[in-house]
Amino acid sequence: MKAYIYDDKPGDQRLPHDTGIDIPEPTLAKLGVVYQRIPIDSEGAWESKIDEFAKERGYKNRDRITVTREGLGEAYEEKIKSFFDEHLHEDEEIRYILAGSGYFDIRGAEGVHEEQWIRIALEAGDLIVLPAGIYHRFTVDSANTITAMRLFQDEPKWTPYSRKADGTDKLGSRDKYLETVRVGVTA
């Protein structure tokens, strides 16, 4: 995992857009992001570590998603664009990268890189939890392939609320997230 300030220059979203300004893990933690490195080993020890993590956090369900040009065919470009629309969820977004690589961009919040995009580069063995209410977006990198395990507390659901839509800033999950960040920054 590598996190840094996104350069916000026009161009292919799948390129690094690295400003050279690194963001350390404690800063991500202030924004509510949980990160763990759980290397994928041939013996399968990673699976028991994921099971343990899921049990600790109350994740009862999981599935796998693969994003490739071959797998999605003509829908690939449209799907990538939809993932890259700035949005939030009312539940945590949990991903364990099994193969390939990509980027999660998260929006800074009050007192922590406010309104700047922070790009988090992920590869196989990286586990990330984005808190409910955080604005974010996702894209594969220039390799155009990623396979991830998605974990869910209840029934699998993935409802994005676009920042462009009326009312998104007023969702309870957004208010709760901002309050959590305020407390974390001032604590």
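Every residue gets a Cβ built from N, Cα and C, even glycine.
Owing to the predicted nature of the structure, the values given are computational and were not obtained by experimental measurement.
Residues His87, His89, Glu93 are given by Swiss-Prot as Ni(2+) binders; from His113, His136, that same site also lists His136. One way to see the shell of the Ni(2+) site is to take the Cβ centroid of His87, His89, Glu93, His136; the remaining same-chain residues with a Cβ within 8 Å of it are Leu88, Leu130, Ile134, Tyr135, Arg137, Pro160. Around His89 (Ni(2+) binding site), the same-chain residues at least 6 positions away in sequence with a Cβ under 8 Å from its Cβ are Leu130, Ala132, Gly133, Trp158, Thr159, Pro160, Tyr161, Ser173. Its Cβ placed at the centre, Glu93 (Ni(2+) binding site) has 20 other Cβ atoms within 10 Å.
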